[in-house]
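The region 'Disordered' annotation in TrEMBL covers 1-27. According to TrEMBL, the compositional bias 'Low complexity' annotation covers 1-16. Summarising the annotation, TrEMBL assigns domain 'Cytochrome b5 heme-binding' to 54-130. Annotation source TrEMBL lists domain 'CS' at 164-255.
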Amino acid sequence: MLNVPSQSFPAPSSQQRVASGGRSKVPLKQGRSLMDWIRLTKSGKDLTGLKGRLFEVTEEELVKHNKKDDCWICIRGFVYNVSPYMEYHPGGEDELMRAAGSDGTDLFDQVHRWVNYESMLKECLVGKMAVKPAIPKDYHEEKKVLNGMLPKSQVTDTRAREGPISPSYDWFQTDSLITIIIYTKQKDMNLDSVIVDYQDDSFRAETIIQDYSYLIHMELFREIQEDFSVRVVANVGKIEIVLKKKEHTSWKCLGRALENHNSFTPRKDTGTEIVKPYTPVSHSLLFKLMEPVLPNDKYIYFLIKIYPAGLFTPELDHLQIGDFVSVSSPEGNFKISQFQELEDLFLLAAGTGFTPMVKILNYALTNIPSLRKVKLMFFNKTEDDIIWRSQLENLAFKDKRCEVEFVLSAPTSGWNGKQGHISPALLSEFLKRSSDKSKVLICICGPTPFTEQGIRLLHDLNFSKDEIHSFTA
């Protein structure tokens, strides 16, 4: 028999119960739970209705969006289209409509100040208020600074009128992670435009937008681990920087602003040193079709995608014979011993995450006598993005142990191959052992969300940690 505590949650004296003012929840339709909402936000559907664009919203524009099927609400200077969220809101549609087309910050704080709205509504973000909205009296200036919400007049803005709109940033936390989000208000941003550095408790993130530099520069509230990840959502111009806390405790703020923090200024050529990790590759997959072999101790081959609007790769692309770059010693934890007595090798790659697979393919097909098959599933956006497609197809034709499958997320109407993103359906069909007890190794590499999702799915399919190796793209 279960002993159920008589005390309800929230506690009678808690802020949550006092602040609610007797507000009752509204029964939600089937399929409208919190988990359903989270699934919807991760589906890739355009919840703002703006096709990925971010705007500076004037008060005059905000008041126009005051209907259930077109409802914008401002919270702490950021505007959200909450129409898609209406049926998922536990307090009901009428409660949201109280703030329709207006600044709902005070109302939000009265009802549920503790709710992490930034995370729940991040896919509904329309943009930032063009003018300073009403701010509750107890919302201190210090918090505005540390959350990246300075009034526009306080952000360094020396650009010409025709220059890019000033970015903004925000942050939220879990028990173990700090996530910093930069809203660039620009489409087609890429990782090559972001430089992140952490030294001596000083955190620095510089984003290059056209000929301007947006800087976040802070002494963080607590220590973080050295490994962090950066993700760019190109279609909305959003940059997510994920930091790992050293201690799983709550941060009161992000940290203390340092020199030029939250500034947006024209770039100056100061000779900044940039470090980027790249994986050496073989210069061909087809041994019999290779050019004459060059001495291995004098040449290193890299496969690098050039981003025309990027910060680093265009400079790399313009290097001439005789120019110099510094190259570090090799890093990584992959061991050749993982190939011993290997029978089935499965490779999962997305975009430039293909690069570590090049040498693995070369080595496996020439040096593992026990190998029965090697299969590559290569994810890309379009056919034009497939690296070394002809070489891969020729390799699969010449060596019957090798199979290659291409998966496109945005194919043309003429594409006859597989479509979509990494999923249980694709993996369960692809990851078939040559025998029930064959020794298996699965290598995965791509953007961080791809790799993390792939590893979760592999565990769900009952592959062990020893059977999975992930590379950093």
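Heads up, the Cβ atoms here are built off N, Cα and C, so glycines get one too.
A mean pLDDT of 87 is what the model gives for the domain 'CS' (164-255). Remark: secondary structure over the domain 'CS' (164-255) totals 3 helix, 51 strand, 38 coil, with classes taken from DSSP.
Residue counts for the domain 'Cytochrome b5 heme-binding' (54-130) by DSSP state, with H, G and I taken as helix and E and B as strand, are 30 helix, 22 strand, 25 coil.
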